[in-house]
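Noted in Swiss-Prot for the protein shown:
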SIGNAL    1-23  signal peptide
DOMAIN    24-68  domain 'Fibronectin type-II 1'
DISULFID  C29-C53  disulfide bond
DISULFID  C43-C66  disulfide bond
DOMAIN    69-117  domain 'Fibronectin type-II 2'
DISULFID  C74-C100  disulfide bond
DISULFID  C88-C115  disulfide bond
DOMAIN    124-170  domain 'Fibronectin type-II 3'
DISULFID  C129-C153  disulfide bond
DISULFID  C143-C168  disulfide bond
DOMAIN    177-223  domain 'Fibronectin type-II 4'
DISULFID  C182-C208  disulfide bond
DISULFID  C196-C223  disulfide bond
Amino acid sequence: MNRRSSYLLGCTAFILYSYETSGDTKDSCVFPFNYKGFTYFSCTRTNSLSPWCATRAVYDGQWKYCLIEDYPRCVFPFIYRGRSHRNCIVEGSFFGKLWCSVTSSFDEKQQWKYCEINEYGGNSFSKPCIFPSKYRNHIISECLEDESNKLWCPTTENMDMDGKWSLCADTRISSLVPGFPCHFPFNYKNKNYFNCTTKGSKENLLWCATSYNYDQDHTWVYC
């Protein structure tokens, strides 16, 4: 049997088996999970045409197809080819898309995902973060971590009143890594920036602020 036939047979077996083992799609993915002796830190296509995850730490027949919000968040910094990376990278990507490791060492686990460059999920139709925002009578200016280790943000100026939120883009959360100089978002001339910008640069070079309020602190670095 050639490799293609073996793969198709495996997919068919998984699909047929799934009719009897499929878990409730409302269940959450559990990472890491063990499936047939292998440990998975993210959704997988093993024996399936679509990405899926187990909803138990040890696969017992309960699983679900992965939605975008089911994927784990990026782990920064991570090791790739012996180098430490504090943000999403395109190195090694066949399609030039940003990606990240979902463990601290890609070299060791080879577990990864494509990076989300915009906010997603939540209850506000994937609207972007709004900072600063009021939450539990505090003013917040960065993404917050929930009980499932996901990072989220308010999408209105008053989370306490409106209750609207999204999951934070992977490209945004790198700003929370200790030692990463940029602060995203940062406010420059009364406008929020979520990525490096050339605005205000006489040399037309990308730069970012290292605190939320550039107009107040005037601290910045080139990207």
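Cβ coordinates come from backbone N, Cα and C, glycine included.
Structural mapping of features recorded in Swiss-Prot.
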residue : record         : contacts (Cβ under 8 Å, 6+ apart)
C29     : disulfide bond : C43, C53, A54, T55, K64, C66, D70, P72
C129    : disulfide bond : E119, C143, C153, P154, T155, S166, C168, R172, P185, F194
C196    : disulfide bond : C182, L206, W207, C208, C223
Cα distance (Å, whole number) from C100 (disulfide bond) to C115 (disulfide bond): 6
Other CB atoms, at most 10 A from the CB of C168 (disulfide bond): 28
DSSP-derived structure type at C115 (disulfide bond), helix or strand or else coil: coil
Cα distance (Å, whole number) from C88 (disulfide bond) to C74 (disulfide bond): 8
Helix, strand and coil totals (DSSP H, G, I; E, B; other) for the domain 'Fibronectin type-II 4' (177-223): 4 helix, 14 strand, 29 coil
Tally of residues which DSSP labels helix, strand or coil - the domain 'Fibronectin type-II 3' (124-170): 5 helix, 16 strand, 26 coil
Spatial separation of C88 (disulfide bond) from C100 (disulfide bond) - C-alpha basis, Å: 5
Disulfide-bonded residues: C66, C100, C182 - member with fewest neighbouring CB atoms within 10 Å: C66
Candidate with the highest Cβ count within 10 Å, taken from the disulfide-bonded residues C74, C153, C208: C153
Residue with minimal Cβ packing [other Cβ atoms within 10 Å] among the disulfide-bonded residues C43, C53, C115, C223: C223
Other CB atoms, at most 10 A from the CB of C88 (disulfide bond): 23
Tally of DSSP helical, extended and coil residues in the domain 'Fibronectin type-II 1' (24-68): 1 helix, 14 strand, 30 coil
